[in-house]
């Protein structure tokens, strides 16, 4: 009797915990609700024993040193001859080594009276396929006494698929069709499973439904498109398929039509339930499950595991839990995989309490946890950043004689790195990864943990660390290191990385070139990106449109117009059709440079290629029209955008608004602006444009009103918008309002620009400030003095009465590490005198003398403001003047001192002013 291969549990990577379940969601269902333990408390996890397969002390028996049980598998020829065919099949199936299986099969065939058995052939073929002994498989295939049977095809297809040769396994369908062998349920189930695992859900369902209808068709699978290497393992089957005698025999085979039928094996139902679930067809999966009892096919543990996984990952938690409870009611005992499926489902919604509850139930049910169980729980703990609990579980695994599964290594490393525990991450790596048999794929995942954080040095340490024997770097690790260097802008190190790739036996793949081209394009090195594009083509890869687009975008940002056009033409000559992004980049590039003719040319090419322009492209055209003040064309374009879904975006509306403003078309601009305000789409650019439009047209009240709205809207985000509001205050001479606006800019870390300072000087000239003072400040600003901007703002705050803010700036200017000129001392003198700190002002006056700084007109003006201030002693006034000795002003000093001593203060002040 042909043995029925059991279908593995559904869920694939999901059941094994390979995926990273997302967080979020609450757990409904029949279980009594119980809140998860608080994060601050410890979760005590039972230390369940590891099964022997996970213990380091146990290992598979070596073929060279058979165990007693293995020796019992090699009876004498007399005993072998006395066995029934079923017993012989069982013995052949239990062989662990393909050589032993081949030798045993040869002995069986040599027995007197041995009848050729297709099941024996299938078992041998399975052994050879799983061991990837393709030459032996070829010889065994040609040496079969009977034509290949369904069991032979199913065995080889299953083994090839598990060896990663699923596409080659599908070619067996064509071989079966050529030989006129209609698939039975076992082989049909095998090929459906192969298609399902390849993600070809529609093809798998079509193959199953055709089989149910009694038809065997393979044309819809497009098997002719599958390329097989000339020296590949399946080449002999291809030759066999097109052999003349087989082709002639197949031509005489009538169409295979066996009539409608229903599947009768539970393994088939398990495969189809999983297939429907992965295809997103939950309804048909449930129908398939409910149909089983009516056809007298009893669900088994795999069936429940599969459907629970399908329900849980489809967010039907209540039904998944109910099915789990129903499983026990039906007398079907859950196994460890059942609990693993439930833990995966709970983990997918972030329910740590549900995960831990199922984990504890494994021990209560008398079952052993396996590597998948530990992996699911450890991942759930790491995602919650529960460091102590995760470390307890790791120690439990080690104490049980096991080791942390390599798929869990990146998860634990990510937990440490996300929390900034780099020392713990390094210790974990040294203990569990370095020098161990960790695959290159998981090494790449660990490197990526550091790469996304910009920790290129740590990533580099992992990259160059010692590996286990036979574990060499794969290209995926190089690709992740490119990402790490790119994130950290370590572009020079990329060159040495490329050299190491060339020196190694690893060849760059398409991802390598795409990553490098994207990195250099984004970082502003278009020429290096273009050079790599050529290398990519030389290596036999065809760059995609997105790759060309990245380089063209880099060229357009640097206004390298000829280079961008050359690459566009090269792209088209290579047979790669530009998409709307590429056309949009070129149109925008010409719009920025004001070349409206070329912008329109590529816009026409876009539409000629059958691509409808989107808002981004049309907005770029707006830029071109705006630069040439083509308001009529822009108006027509804007009307066209109004008829599009969503209407014109804010960029297009602002472009049209700006064009109307430049042309002084107030009513048209106001119409657009009012529409933007009604729809709450107006931004700082919209308001700023209208402020300057009204101000330029002499409508000061409207300009001020819009400026006030802008100020209150919270849209002030840059210097341009602040300047627009300030312009209205300057026009009205509102000194205090301007000063407060400048203070807001400083608090928001928005430095004033030349326009801001120009308005400040204009205010000073109209604010009863002497021309000498304004001229001195303007000269310092124009000369680019280091402290000019701070001093000017302090002066503004002082004359606006904002003394506290002015004093803060002066305190910074007078720090020992600063070196300031006489004009800056004059400003500080002014600030201290204005706020009544006369003693500080006089001390600055004397410090100027100590530094050898000569007084000027502005100094005397500020000095005069100190006289007449209350609570200033005559001695302080006199000493301050007499300490400041210069030959040029000595007569004035003597006269001033005489007037002060005589009590003629008014005359002294007039003399200082003079």
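Heads up, the Cβ atoms here are built off N, Cα and C, so glycines get one too.
These features come from TrEMBL:
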COMPBIAS  9-25  compositional bias 'Low complexity'
COMPBIAS  29-39  compositional bias 'Pro residues'
COMPBIAS  53-74  compositional bias 'Low complexity'
REGION    1-75  region 'Disordered'
REPEAT    149-183  repeat 'PPR'
REPEAT    265-299  repeat 'PPR'
REPEAT    300-334  repeat 'PPR'
REPEAT    370-404  repeat 'PPR'
REPEAT    474-508  repeat 'PPR'
REPEAT    509-543  repeat 'PPR'
REPEAT    544-578  repeat 'PPR'
REPEAT    579-613  repeat 'PPR'
REPEAT    649-683  repeat 'PPR'
REPEAT    718-752  repeat 'PPR'
REPEAT    821-855  repeat 'PPR'
Chain residues outside the repeat 'PPR' (718-752) and at least six past its termini with a C-beta under 8 angstroms from it:
684-685, 687-688, 691-692, 695, 700, 703-704, 707-708, 710-711, 759-760, 762-763, 766-767, 789, 793, 796-797, 799-802, 805
Chain residues in Cβ proximity to the repeat 'PPR' (474-508) (below 8 Å; excluding those fewer than six residues from its ends, i.e. six or more beyond):
440-441, 443-444, 447-448, 450-452, 454-456, 459-460, 463, 515-516, 519-520, 522-523, 525, 539
Could you pull out which residues elsewhere in the chain have a CB under 8 Å from any CB of the repeat 'PPR' (579-613), counting only those six or more residues past its ends?
545-546, 548-549, 552-553, 555-556, 559, 561, 564-565, 568, 571, 620-625, 627-628, 630
Treating G and I as helix alongside H, and B as strand alongside E, what does DSSP give for the repeat 'PPR' (300-334) in helix, strand and coil?
26 helix, 0 strand, 9 coil
Counting each residue once, how many in the repeat 'PPR' (649-683) are helix, strand and coil under DSSP?
26 helix, 0 strand, 9 coil
Residue counts in helix (H, G, I), strand (E, B) and coil for the repeat 'PPR' (265-299), per DSSP?
26 helix, 0 strand, 9 coil
